[in-house]
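Sequence annotations record features per position, and here TrEMBL assigns transmembrane segment to 20-47, 59-77, 97-119, 140-163, 196-224, 236-259, 271-291. Residues or ranges marked as domain 'G-protein coupled receptors family 1 profile' in TrEMBL: 40-289.
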Amino acid sequence: MKPMANKRQGNQTIITEFDPVTRAILCVGFSLIYTISLMGNSIIILITMLDSALHTPMYFFLWNLSFLESCYISVTIPKMLVNFVSEERTISFTGCAIQMHFILSLGTAECYLLAAMAYDRYRAICSPLHYPTIMNPRACTKMATACWLCGILMPMGKVIWIFSLPYCGPNEINHFFCDIHPVLKLACGDTSSSEVFIVLISLLITVIPFLMVLVSYACILYTILKTTSSEGRHKAFSTCSSHLTVVILFYGSACAMYLRPKSSHIADVDRVAALFYTVVTPTLNPMIYSLRNQEVKAALRRLRGRKMFS
């Protein structure tokens, strides 16, 4: 990475510059990733809407996850691509605040949505007879709405706090986008109280839903081990292993980014962690969670057959 001279351009922040060859490689790479992610998530959204066999709680939450992931990756990559091809790599103070709020809001919503999906699997495996009654359409809609509301509201105080701090020094962000720690490094004066507040909110956002996931899967594991049917065990393990892979990827990278002490934050490590939860996870989710699923594959075949005979 080639550093730029720190210079003030009104009420704007400069994004750190790469050399031209690196910029071209990154532009092509991220364009490809963005296209793959949008296509994969759009396929999931489309088939869960069009195929009545997938009108179940599990695929209702998957629809929400795919829509969320499409929004998530669209908050960061388009602006990054503009910065790669533009000579003027800046973002306004307000634009930076808006971008951070969307990143944190969508990340928070995903934390709670993954917990809701784990609870859905827990009910399906541990209480199969009561599952249709408990996870009825109204209950699923309420759970999904609560996840989205938590995403919108919970990070709001954090973002307002960060952007109410005085910024009077360098304005170069050593990061791919406006994230908490790179922006806080630009603040003047002591930010220790802000960092404590941010860690506390981050704990609330990540640890509580993660504990909900762990409790759900502990109950699921206990039920699976008691199951005598090998076919039932295989199906339960297949569904749950995909979800756990997504959970580990997302929560692991998010915790590595937001729950580490300030002294351990290294710019290169932060960039890799940020790319994992904002770019890699939304791209891999359709393949890990849905496109390998036999029900989804069957729905795709039915959709193709419907188009051929229409």
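Backbone N, Cα and C atoms are what each Cβ position is placed from, and that goes for glycine too.
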(message) Restricting to CB pairs under 8 Å, which listed stretch, 97-119, 140-163, 271-291, is in contact most with the transmembrane segment (196-224)?
(response) 97-119
(message) Would you say the transmembrane segment (20-47) and the transmembrane segment (97-119) are touching, if the rule is that at least three C-beta pairs must lie under 8 angstroms and be 6 or more residues apart?
(response) no
(message) Give the mean pLDDT for the domain 'G-protein coupled receptors family 1 profile' (40-289) on the 0 to 100 scale.
(response) 86
